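Q: Pulled these from TrEMBL:
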TRANSMEM  20-45  transmembrane segment
DOMAIN    39-285  domain 'G-protein coupled receptors family 1 profile'
TRANSMEM  57-80  transmembrane segment
TRANSMEM  100-118  transmembrane segment
TRANSMEM  138-160  transmembrane segment
TRANSMEM  201-223  transmembrane segment
TRANSMEM  235-256  transmembrane segment
TRANSMEM  268-287  transmembrane segment
Amino acid sequence: MQVNSSVNEFILSGLTQDVLMGKVIFATFLFLYFMTLLANFLIVMTIRYSQTLGSPMYFFLFYLSFADACFSTTTAPRLIADSISEKKVISYNECMTQIFAVHFFGCMEPLVLILMSFDRYVAICKPLRYTTIMSQRVCVILVNLAWVGSCIHSSAQIFLALRLPFCGPNVIDHYFCDMQPLLKLSCIDTSVINLLSVFNSGAICMMSFIMLLISYALVLHSLRNQSAEGRTKALSTCTSHIIVIILFFVPCIFTYTRPLTLFPVDKLVAVFYTIVTPLLNPLIYTLRNAEVKNAMRKLWCNKL
């Protein structure tokens, strides 16, 4: 797997070198990670077994929650373990695997959000054709395309990462392996690889963000012709979607659409979109969605 490199392992600097602060980080992020898994697990299981959440929107929400749980798992366990560990060592192969996983599930989330926005667009702007356009077969095909798109994106990232030789310094100034910190350690001119990496990740972030803004702008524009009740319901659903989009895309765009420049705030920004956002997504959808709350209450109260 390794190509022209004398470095077999890397040292992650983590979020802090302070022992006391490390214990605080351990407790805090262990709690956040547990809550992320629990919240997303509840949504996944509720949608899976509830008889009232069979619409395409909840089909896509199922995969969004699954992607959120997996995305958080790509970084949180190592951050938690390293926060109380003296040696924050990660092997070369583990580092490459982490890059692939982070970008795979990190790409899956915006692609599923696009599917959810498309679903809302069809439901609100073309209600009479909704069941025909958003059939179960079409939904399955769209989700499969999202999986394929994520695989292509992450494969491109790992292909670029494997082209980087490392000859000396092996301390990654981050709490997980990603392209930007690795480019700083490479012993070759990385300008071309950096440009390709920024184009790969940045293009997905910007294009997805623009597509989502356009789709929801069309939805909001069409609400003028809706009844007061229909407008209120549609606005409630779209508002929760827009909040999720902003929380995910703003930090991602900040991280992946700029030249090779590392800022001290990068780690905090990464914490937000890799750990905090996957926890906020299920909370936003359950707190603002009466159908999910009712289905969850009915399902789990009966089981308990």
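Note that Cβ sites are derived from N, Cα and C of the backbone, with glycine treated the same way.
Curation does not apply to TrEMBL; its annotations are automatic.
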Q: Do we see three or more Cβ pairs under 8 Å linking the transmembrane segment (20-45) and the transmembrane segment (268-287), pairs being at least 6 apart in sequence?
A: yes
Q: For the transmembrane segment (100-118), what are the same-chain contacts with Cβ under 8 Å, counting residues 6+ beyond its ends?
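A: The answer is 57, 60-61, 63-64, 67-68, 70-71, 74-75, 139, 142-143, 145-147, 149-151, 153-155, 157-158, 176-178, 201, 204-205, 208-209, 211-212, 215-216, 219, 241, 244-245, 248-249, 252, 273-274.
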Q: Rank 57-80, 201-223, 268-287 by Cβ pairs under 8 Å to the transmembrane segment (138-160) and hand me the top one.
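A: Maximum Cβ contact count belongs to 57-80.
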Q: Take the transmembrane segment (57-80) and find every residue of the same chain, 6 or more past its ends, with a Cβ under 8 Å from one of its Cβ atoms.
A: 12, 14-15, 25-26, 29-30, 32-33, 36-37, 40-41, 43-44, 47-48, 90, 98, 101-102, 105-106, 108-109, 112-113, 115-116, 119-120, 123, 136, 139, 143, 146, 175-176, 237, 270, 274-275, 277-279, 281-282, 285, 292
